[in-house]
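> Here's the feature list from TrEMBL:
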TRANSMEM  7-29  transmembrane segment
TRANSMEM  69-91  transmembrane segment
TRANSMEM  98-119  transmembrane segment
TRANSMEM  139-158  transmembrane segment
Amino acid sequence: MLVLLAGIFVVHIATVVMLFVSTIANVWMAGTSSLGTNSTGLWLKCDAGKCHQIAFAEGDMSSLKAVQAFMILAIIFSFISLVMFVVQLFTMEKGKRFYITGAIMLICWLFILIAVSIYTARFPHYFTAPQDHHGYSFILAWICFCFSLIIGILYLVLRKK
């Protein structure tokens, strides 16, 4: 049981780190052009090493702000869930389940789902060149989505022994 809890703890820390990297890095979409490589993240668009503010249509800027907000909330709730796990691990009686930690992690999962779904639905039409593709930040966000769901369910099922 100790090995399982340690494994979940390590995966949870990895999820927090990957969420942070996914939100900060400017590689949600990537591609090449005549100027070199280009990438677009949640905050900046970088063309051939020069980064500038993202310029989408006005209607899509509110969607981008929603993606930014939900990714930041996902980081916050994932970190809170990690802290709650440590607190519950040392203060909870034996035989009890990690309900609070699991519930907070599933809220994090929901925030990631909303953020990545909005980005998937609203922004691919800006990247229509054949060489454009989703970048590692976008893929990391989907991996964090899977990990947070698994971790949240495991926290709800596990008992402290």
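Cβ coordinates come from backbone N, Cα and C, glycine included.
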> Taking 69-91, 98-119, 139-158 as candidates, which has the most Cβ pairs under 8 Å with the transmembrane segment (7-29)?
139-158
> With Cβ-Cβ distances below 8 Å as the criterion, list the same-chain residues six or more beyond the ends of the transmembrane segment (98-119) that contact it, or say none.
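Distant Cβ neighbours of the transmembrane segment (98-119) are 12, 19, 28, 63, 66-67, 70-71, 73-74, 77-78, 80-81, 84-85, 88, 92, 138, 141-142, 144-145, 148-149, 151-158, 160.
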> Please indicate, using numbers and ranges, the residues of the same chain that are 6 or more beyond the transmembrane segment (139-158) and have a C-beta under 8 Å from a C-beta there.
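For the transmembrane segment (139-158), the sequence-distant neighbours (Cβ-Cβ under 8 Å, at least 6 residues beyond its ends) are 4-5, 8, 11-12, 14-15, 18-19, 21-22, 28, 71, 74, 78, 81, 85, 97-99, 101-103, 105-106, 108-109, 112-113, 115-116.
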> Which residues, given as numbers and ranges, are at least 6 beyond the ends of the transmembrane segment (69-91) yet have a Cβ under 8 Å from it?
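For the transmembrane segment (69-91), the sequence-distant neighbours (Cβ-Cβ under 8 Å, at least 6 residues beyond its ends) are 5, 9, 12-13, 15-16, 19-20, 22-23, 42, 98, 100-101, 104-105, 107-108, 111-112, 114-115, 118, 141, 144, 148, 152, 155, 160.
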